[in-house]
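Record features, source Swiss-Prot:
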BINDING   ARG58, SER59, GLY60, ASN71, LEU75, ILE76, ASP77, MET85  substrate binding site
Amino acid sequence: MGSKIPLPQYETKGSAGLDLRACLDSNLSLQAGTSQLIPIGFAMYLEDPGLAAMVIPRSGLGSKHGIVLGNLVGLIDSDYQGELMVPAWNRSDTDFEINPGDRIAQMIIVPVIQADFEIVDEFNETQRGEKGFGSSGIN
């Protein structure tokens, strides 16, 4: 792993996401309406339970070509130690070609807070209360 395709990197100084590249031996045609696991050529282990990695779509592939992740967002826990794969989903009506080395997703490293829960009889009152979807308005 990691010898054919460069390791993930930030494309610009302001990039939040590391680009993940398709580690393929040849071009792959992702048929319209289908998904396929794409190897990205490396394994990782974060180790620190205060961190996790999230794999998310690249905005241009999603908005211009309909290529997103089959699981929408991938969460990589700090104790995972295996090879990473990207579940690419072609939600368009046109086949899409993925070439070896193409940037197909991005990964961000995020802090994690593991919450402790407790049972309570009632909550402190707030202005919003139980008002749900759309209750805070749009303007």
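Cβ coordinates come from backbone N, Cα and C, glycine included.
Binding residues for substrate (ARG58, SER59, GLY60, ASN71, LEU75, ILE76, ASP77, MET85) extend across at most 26 Å, taking the greatest CA-CA distance.
A C-beta separation below 8 Å, combined with a sequence spacing of at least six in one chain, links ILE76 (substrate binding site) to MET44, LEU46, ALA52, ALA53, MET54, VAL55, LEU84, MET107.
Around MET85 (substrate binding site), the C-beta neighbours below 8 angstroms that are at least 6 residues distant in the chain are LEU37, ILE38, PRO39, ILE40.
Sorting the binding-site residues ARG58, SER59, GLY60, ASN71, ASP77 by the number of other Cβ atoms within 10 Å puts ARG58 first. Taking Cβ-Cβ distances under 8 Å and a sequence gap of 6 or more within the same chain, the neighbours of LEU75 (substrate binding site) are ALA52, ALA53, MET54, VAL55. Reduced to three states, the DSSP call for SER59 (substrate binding site) is helix.
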